[in-house]
Amino acid sequence: MATTTWQAVLTWRSHQQQLAPDIDRQELDWLLREVAGVPLERQRWAAPGDRLELRCPLAAIADLWQQRIRQRCPVQYLAGHAPWRDLELQVSPAVLIPRPETELIIDLAIAWSQAEPARQTGFWADLGTGSGAIAIALARALPQITVLAVDVSAEALAIARNNAARYGLSDRIRWYQGSWLVPLADYRGQLQAIISNPPYIPTQEWQALEPEVRDHEPRQALESGPDGLEALRHLAQAAPDYLRSLGLWLCEHMAGQSTAVTALLAAIPGYSEIQSHRDLAGRDRFVSASWSA
C-alpha cells in the first residue's frame, strides 16, 4: 500500500501521458485503476489535497508504463488480467488477449441454442481455448451443457483452469491438451457444437502486425499458413466425425475471409445453413453451419 494525494496522481499521470503521445491515454488510466486501484471515476469530486490509498506506489506503475512504451507490451499482460464480456480473466503471453469482437461468438451460439431446448444440453467443444474465455462464457450462459476445452499449450490450459475455478465452473468444463479434435476421440458423433477462435493470420502478414501482437502474443494462436486458412480448413474437414446430427459449427475468422470459409464448408457434403455473421464493427467475422449426418 502507498499513500499520496489526488494532485500528485494527476500531475504524475499528465507527465506519463506526455512520454507516450502515440499510445491511447486510456491505457494508462486502465493501469492506474486496475493495478494501483486509483478510483478515477471519483476525480471530479475530489479536492487536490485529498489523500489516496494506492495498492502500489506510482513508481511501480511508472515501471510498467515504461515496459508499455519501450517494449510495446500490452497493458493486459502487464496487469496480468483482461476484461471480456462480464468476465475478468487471467492472461499471460501464453494466451491471446481476448478481443471485444470475439464476444459476439457467444451471442451467436446462445441464439442458436435457443431455437430448440435440446441444443442447450450435451457436449460443446471450445477448440483452442487459450484463456478459457469462450468455454467459461458458454458454461455460464448454458448451465446444462458440458464444455470440452482443448488447447495444445499446457501453460494456456493452466491459466484457463484458474479462470474457470474463479467462476466456480471447474466441474462444468473438461480440459484436454492436444491438437484440435484429436483429444476428443471418445466424443465422436456426440458434440452438440464446435466453437473456435482459431489462428487465421496469413504467414506473410506476420511481420507487418503491430509489435504489441507480433512480439508478445503467442504466434501459434495467430498464424495459420500462407492463406491464413490452415486451421479453419482442418476444422471444417475434421468436424463431421465429431458433430452429432444438426450440430453447430461456429468459428471466427479474419475480416475478408468470409467468402473463403463459406466455400470451404460448401465444398464438403453434409454442411448446410452456412451463414456469415458480422462483428460489432460491421465486418464479416464469423461463419456458422449445421452438420447433417
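In case you wondered, yes, glycine gets a Cβ from its N, Cα and C as well.
Record features (TrEMBL):
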type	residues	note
DOMAIN	120-202	domain 'Methyltransferase small'
BINDING	Gly128, Thr129, Gly130, Ser131, Gly132, Asp151, Trp180, Asn197	S-adenosyl-L-methionine binding site
BINDING	Asn197, Pro198, Pro199, Tyr200	substrate binding site
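Where TrEMBL records a feature, it is marked here on the structure.
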| residue | record | Cβ neighbours (10 Å) |
| --- | --- | --- |
| Gly128 | S-adenosyl-L-methionine binding site | 25 |
| Thr129 | S-adenosyl-L-methionine binding site | 31 |
| Gly130 | S-adenosyl-L-methionine binding site | 27 |
| Gly132 | S-adenosyl-L-methionine binding site | 32 |
| Asp151 | S-adenosyl-L-methionine binding site | 29 |
| Trp180 | S-adenosyl-L-methionine binding site | 21 |
| Asn197 | S-adenosyl-L-methionine binding site | 26 |
| Pro198 | substrate binding site | 21 |
| Pro199 | substrate binding site | 21 |
| Tyr200 | substrate binding site | 22 |
Of Gly128, Thr129, Ser131, i.e. the binding-site residues, those within 10 Å of Pro198 (substrate binding site) when Cα atoms are compared: Gly128, Thr129
Counted with DSSP (H/G/I as helix, E/B as strand, rest coil), the domain 'Methyltransferase small' (120-202) has 29 helix, 25 strand, 29 coil
Between Ser131 (S-adenosyl-L-methionine binding site) and Pro199 (substrate binding site), what is the CA-CA distance rounded to a whole number of Å? 15
So among Gly128, Thr129, Trp180, all listed as binding-site residues, which is physically nearest to Tyr200 (substrate binding site)? Use the C-alpha atoms. Gly128
Would you kindly give the Cα-Cα distance separating Pro199 (substrate binding site) and Thr129 (S-adenosyl-L-methionine binding site), rounded to the nearest Å? 12
Suppose we draw a 10 Å sphere around the Cβ of Ser131 (S-adenosyl-L-methionine binding site). How many other Cβ atoms does it contain, all chains included? 27
Taking every pair from Gly128, Thr129, Gly130, Ser131, Gly132, Asp151, Trp180, Asn197 (the record's S-adenosyl-L-methionine binders), the biggest C-alpha distance in Å rounds to 16
Measuring Cα to Cα, how far is Pro199 (substrate binding site) from Trp180 (S-adenosyl-L-methionine binding site) in Å? 12
